[in-house]
Amino acid sequence: MAYPFQLGLQDASSPIMEELINFHDHTLMIVFLISSLVLYIISLMLTTKLTHTSTMDAQEVETIWTILPAVILILIALPSLRILYMMDEINNPVLTVKTMGHQWYWSYEYTDYEDLCFDSYMVPTDDLKPGELRLLEVDNRVVLPMELPIRMLISSEDVLHSWAVPSLGLKTDAIPGRLNQATVTSNRPGLFYGQCSEICGSNHSFMPIVLEMVPLKHFENWSASMI
């Protein structure tokens, strides 16, 4: 989860987030190298006579600065397309959970079970227990089995929302009248926090998301107790 004055991304807890962090580092290195080269050339132009005012045509130079950026863009695009494909691909999910955005709370329905549905509201600051996080704790957590592919179906009852859990690499728009889907897979147990990431009204900041990833046996016991 996030912590004060954090500069980097949250620790990856899913295969998708691991790939996103690797892609971020890959792209950042390319940007750093290009920026360093440009600054070096600018410094040479300012401190030396690295100019040719009489040059009217430089076919070789124009070819280089056309082909080289194209190659760089391809090096950035290929891993990006790979991750997009991974995020859209859902193979044999063991569980499907439908989540609906409301002003200003989330509702969840486990479609593989009968009558397993609930609303999830933020816990007010005055009702927090020791150890619970302000503006992030909810009264009903979404309990899911870890290390298994889970399909999330996401929509909205009223306005645009966005269901996001950064440490799992998840951010999917909740659009009225449209059903979007995302894959949830966690490498480890724990609590994973997120929030609505689309400005949806005056209480937009009070729509937290809490996923509790547990071993399959614990999930089966929890689901049996909820039905």
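The backbone N, Cα and C atoms fix where each Cβ goes, glycine too.
As written in Swiss-Prot, here are the features:
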type: TOPO_DOM; residues: 1-14; note: topological domain 'Mitochondrial intermembrane'
type: TRANSMEM; residues: 15-45; note: transmembrane segment
type: TOPO_DOM; residues: 46-59; note: topological domain 'Mitochondrial matrix'
type: TRANSMEM; residues: 60-87; note: transmembrane segment
type: TOPO_DOM; residues: 88-227; note: topological domain 'Mitochondrial intermembrane'
type: BINDING; residues: HIS161, CYS196, CYS200, MET207; note: Cu cation A1 binding site
type: BINDING; residues: CYS196, GLU198, CYS200, HIS204; note: Cu cation A2 binding site
type: BINDING; residues: GLU198; note: Mg(2+) binding site
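For the binding-site residues shown (CYS196, CYS200, MET207), fewest C-beta neighbours within 10 angstroms: CYS200.
Below 8 angstroms of C-beta separation, residues 15-16, 19-20, 22-23, 26-27, 30, 34, 169, 182-183 of the same chain, each at least six residues beyond the ends of the transmembrane segment (60-87), sit close to that stretch. Sequence-distant contacts of the topological domain 'Mitochondrial intermembrane' (1-14) (same chain, at least 6 residues past either end, Cβ-Cβ under 8 Å): 20-21, 24, 166-170, 184-188, 190-193, 213. Excluding CYS196, GLU198, CYS200, HIS204 themselves, the residues of that chain whose CB lies within 8 A of the CB mean position for the Cu cation A2 site are, in sequence, GLY101, TRP104, VAL159, LEU160, HIS161, SER162, SER197, ILE199, GLY201, MET207.
Shown in sequence order, GLY101, GLN103, TRP104, TRP106, SER162, ALA174, GLN195, SER197, GLU198, GLY201, HIS204 are the same-chain residues outside HIS161, CYS196, CYS200, MET207 whose Cβ sits within 8 Å of the Cβ centre of the Cu cation A1 site. Counted within 10 Å of its Cβ, the other Cβ atoms near GLU198 (Cu cation A2 binding site) come to 18, all protein chains included. Taken together, the residues in the topological domain 'Mitochondrial matrix' (46-59) have a mean pLDDT of 69 on the 0 to 100 scale. According to DSSP, HIS204 (Cu cation A2 binding site) sits within a helical segment.
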